[in-house]
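J.: For reference, TrEMBL lists these features for the protein:
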- CYS120-CYS130: disulfide bond (DISULFID)
- 49-137: domain 'Staphylococcal/Streptococcal toxin OB-fold' (DOMAIN)
- 147-194: domain 'Staphylococcal/Streptococcal toxin beta-grasp' (DOMAIN)
Amino acid sequence: MKKTIFILIFSLTLTLLITPLVYSDSKNETIKEKNLHKKSELSSITLNNLRHIYFFNEKGISEKIMTEDQFLDYTLLFKSFFISHSQYNDLLVQFDSKETVNKFKGKQVDLYGSYYGFQCSGGKPNKTACMYGGVTLHENNQLYDTKKIPINLWIDSIRTVVPLDIVKTNKKKVTIQELDLQARYYLHKQYNLYTLVPLMVKFRKD
């Protein structure tokens, strides 16, 4: 029996007194049903890419760093970001606009995102990884205590309990990407969300 998994990060509509504010680098968008896809609609290549992004790949996580370096006007280049990586030295972060970049350029920021190297354009060739967004200002954005974010999860229309410590943050304003990466990591680990289900074939014995 195929299972359908729905996830809702409960904090998105609650007040600041209960949970942190979810911050997005781009304009607010409403998720429409037509933008959602069933697992069966995705190719094996797409599922494999998603599995590596959300489960196997390391995350670009750092606190209180600053740069004014750029490759293009909608990017920020963090040189020597990776200390002991076998391949990459620098991290190029891409944003939706120059205006967004100016919010973070020359200021202390925190990073939390998924990076990639294939077809990353900018910085030193083959030595630079790329990441989309995942940046928040560091100053006046730290919580005294880590905030745990409740998740509502339904499988086949049945609500399923998710441990409270799966998704958490220490920021007042947090990117959707930071919460999303934690949630999807759990879903794949627990339910093989991005694993292609093999086709079961029964043969008749004659």
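Positions of Cβ are set from backbone N, Cα and C atoms, glycine also.
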J.: For CYS120 (disulfide bond), what residues in its own chain, 6 or more apart in sequence, show a Cβ-Cβ distance under 8 Å?
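T.: For CYS120 (disulfide bond), the qualifying residues are LEU92, THR128, ALA129, CYS130.
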J.: With every protein chain in view, what's the tally of Cβ atoms within 10 Å of the Cβ of CYS130 (disulfide bond), excluding that atom itself?
T.: 23
J.: Can you break down the domain 'Staphylococcal/Streptococcal toxin OB-fold' (49-137) into helix, strand and coil residue counts using DSSP?
T.: 15 helix, 32 strand, 42 coil
J.: Can you check how the pLDDT averages out over the domain 'Staphylococcal/Streptococcal toxin OB-fold' (49-137)?
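T.: So the average pLDDT across the domain 'Staphylococcal/Streptococcal toxin OB-fold' (49-137) works out to 92.
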J.: Tally the residues of the domain 'Staphylococcal/Streptococcal toxin beta-grasp' (147-194) by DSSP class, grouping H, G and I as helix, E and B as strand, and everything else as coil.
T.: 16 helix, 17 strand, 15 coil
